[in-house]
Amino acid sequence: MDCRLHLVLFFSCVCLICLSGQQETGFVYNGFHQEDLFIDGIAMILPGGLLQLTNASQLKIGHAFFKQPFGFDPSSSLSFYTHFVCALVPPKFGAEVGHGMAFVVSPSMNFSHAFPTQYLGVFNSSTNVTSSSHLLAIELDTVETVDFHDLEKAHVGIDVNNPISIESALPSYFSDALGKNISINLVSGEPVQVWIDYDGSLLNVTLAPIEIQKPNRPLISRDINLSEIFQDKMYIGFSGSNGRLTSNQYILGWSFSKSKEFMQSLDLSKLPQAPIPRNEQAPVPREEKKKLHPLLIGLVILLVIPVLMVLGGVYWYRRKKYAEVKESWEKEYGPHRYSYKSLYKATNGFVKDALVGKGGFGKVYKGTLPGGRHIAVKRLSHDAEQGMKQFVAEVVTMGNIQHRNLVPLLGYCRRKGELLLVSEYMSNGSLDQYLFYNQNPSPSWLQRISILKDIASALNYLHSGANPAVLHRDIKASNVMLDSEYNGRLGDFGMAKFQDPQGNLSATAAVGTIGYMAPELIRTGTSKETDVYAFGIFLLEVTCGRRPFEPELPVQKKYLVKWVCECWKQASLLETRDPKLGREFLSEEVEMVLKLGLLCTNDVPESRPDMGQVMQYLSQKQPLPDFSADSPGIGGFMPVSVEPSSTIGIPDSSMHVTHSILEGYGR
């Protein structure tokens, strides 16, 4: 009896070892079951075993991974082989689709950091591009992303640690019979076979329609050392994502093995079928032809022709009235693009009564959208198309930057020779109205210090919180808006600049306002330090209640920075405060703000604080550093003697747009 029991235990152990070894080596699925995979996002397994990564939902992600990791020994030659069948089905017949899917090898199944759209549910805008990401993705991308150097429209690519492909090709397969490549439509909804083979040094990607055997020649072949990328344990699976354009993405079957010898074949006859695209063109029923009297036909024609002419004239007039400029590359920005018709109606036809300000190259109008939302619409003239694509992309990106002390930029509209920028309307206008115009009540010191803290917080977010960092480049009182509760909101993204982590800049405009420009600006270009300089001028502007340059004043008072510095030397710093403050202020706080303004306007950029430090000083969580009016760089710069509202241009590759989107409400 004991001998029989030992035999049973022995064979049971052998079977378990064999099963474990088979799972470690590979698997094959001719259809899927819920217990086989780890699934998240909108991915799901449909009845019949069809794995659906995405549906027609916008901006969504779906993942499906084999639950157990596979062991890879980076110290020795590693290999793997996979074969799967997928289908990317448009939501309806002939529709454009987005955004694509990828086969993924990753050290983790946690992709909570990943973005949809062009990031395919695997990467995000700040994905580390070093080898520490340990990610391999073979993408079937259906949308061209210019920033990623994508090929046109649908393409296949190899991604290592970031979404920019190291190798890519248009989808096709090699026909031995014809001796040439035959194109494949990835987004037709028809099943496509994909083979990915890695033999230790060469990564091959091969495609073919469902009815074609594996071609002898791969679509992509790339020498790569994956032992530098893979860790000891790696997960394998699929990721799919949608943008504003969507598609239903399916996996019908999947085979994987670390060894070519043990690779199991898919049984294509057993695979579930993917749904076909909907054809919403209903058939027109045939009706029996009826004979009409010739006189009746003639009468109908005489009546119909004038009506058609009138309708045609009305249609032509309305089309010309609401005509816009639209190009194919703008489709992805759809939610950020407003129709001219909607803006025309919101502003009652851009009537004079809706005009709330002028500045730069355009006028600002107040409008109300159908839902009751109040907007500000700035109409800018533009003739050249050069740089327009980059400018619109940056406007849309800046529209995604959210902070309680930034004026929300909602979107844009393009017409021939005209660009319209749409932002949220600020009911209390711009701060300069209250500082420099006697018809408006002057803000108290408590209101002023609160506004200064608001704008410091906004600028600190642009410099340190936004990704990539943004340089504002035109901080001044006329670009600070006040909402319904008199909170400070920083506007004027018309001149903002992005700064990438390497310090490279891409400009939406290349101008600045005299009196607010740091002395090094023309020599070295814009930087966070030049923004801090302008903020220092803004501190003095708000505290003293005057502009940085007043040509009608005596010489000793003409330049704000120099005047404040001289008064500090004469122990009369508080005399520079705005007389309209009266006695309702804290002397120590006013002196601190004035000194901080001088510190921010130091001639030496490296001696200026960053905006994080400025916030600490304003909230008095940290004392000002020890310096005096005689310290090097304090109060020494003399700006050019021109009108303070003048702007100058600095050479730049991008189109030029000046002044605030919201500048000058109520003037």
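Any Cβ shown, glycine's included, is placed from N, Cα and C.
The active site, proton acceptor feature in Swiss-Prot is assigned to D474; the stated evidence is sequence analysis.
Sequence annotations record features per position, and here Swiss-Prot assigns ATP binding site to V356, G357, K358, G359, G360, F361, G362, K363, V364, K378. A 10 Å cutoff on Cβ-Cβ distances gives V364 (ATP binding site) a total of 26 other Cβ atoms nearby, all chains included.
Every protein chain considered, the tally of other Cβ atoms within 10 Å of the Cβ of N55 (N-linked glycosylation site) stands at 18. Taken from Swiss-Prot, the feature N-linked glycosylation site applies to N55 (among others), supported by sequence analysis.
Taken from Swiss-Prot, the feature N-linked glycosylation site applies to N110 (among others), supported by sequence analysis. Taking the Cβ of N110 (N-linked glycosylation site) as centre and 10 Å as the limit, one finds 11 other Cβ atoms among all the protein chains shown.
Swiss-Prot lists N124 (among others) with the feature N-linked glycosylation site. Residue environment of N124 (N-linked glycosylation site) contains 16 other Cβ atoms, counted within 10 Å of its Cβ in all protein chains.
Feature annotation from Swiss-Prot assigns N-linked glycosylation site to N128 (among others); the stated evidence is sequence analysis.
Feature annotation from Swiss-Prot assigns N-linked glycosylation site to N181 (among others); the stated evidence is sequence analysis. Within 10 Å of the C-beta atom of N181 (N-linked glycosylation site) sit 16 other C-beta atoms, taking all shown protein chains into account.
Long-range neighbours of N204 (N-linked glycosylation site) (same chain, six or more residues apart, CB within less than 8 Å of its CB): W195, I196, D197, Y198, P218, I220, S221. Secondary structure at N204 (N-linked glycosylation site), as computed by DSSP, is strand. For N204 (among others), the entry in Swiss-Prot reads N-linked glycosylation site.
Residues or ranges marked as N-linked glycosylation site in Swiss-Prot: N225 (among others). Around N225 (N-linked glycosylation site), the same-chain residues at least 6 positions away in sequence with a Cβ under 8 Å from its Cβ are S201.
Counting same-chain residues at least six beyond the ends of the transmembrane segment (295-315), none has a Cβ under 8 angstroms from any Cβ of the stretch. What Swiss-Prot lists as transmembrane segment is 295-315.
All chains included, 20 other C-beta atoms sit within 10 angstroms of the C-beta of V356 (ATP binding site). Looking at K358 (ATP binding site) and D474 (active site, proton acceptor), their Cα atoms lie 17 Å from each other. The closest partner of N110 (N-linked glycosylation site) among the recorded positions, by CA position, is D474; the full candidate set was V356, G362, D474. Annotated pair N181 (N-linked glycosylation site) and G362 (ATP binding site), C-alpha to C-alpha distance, rounded: 53 Å. You'll find the Cα of D474 (active site, proton acceptor) roughly 18 Å from the Cα of V364 (ATP binding site).
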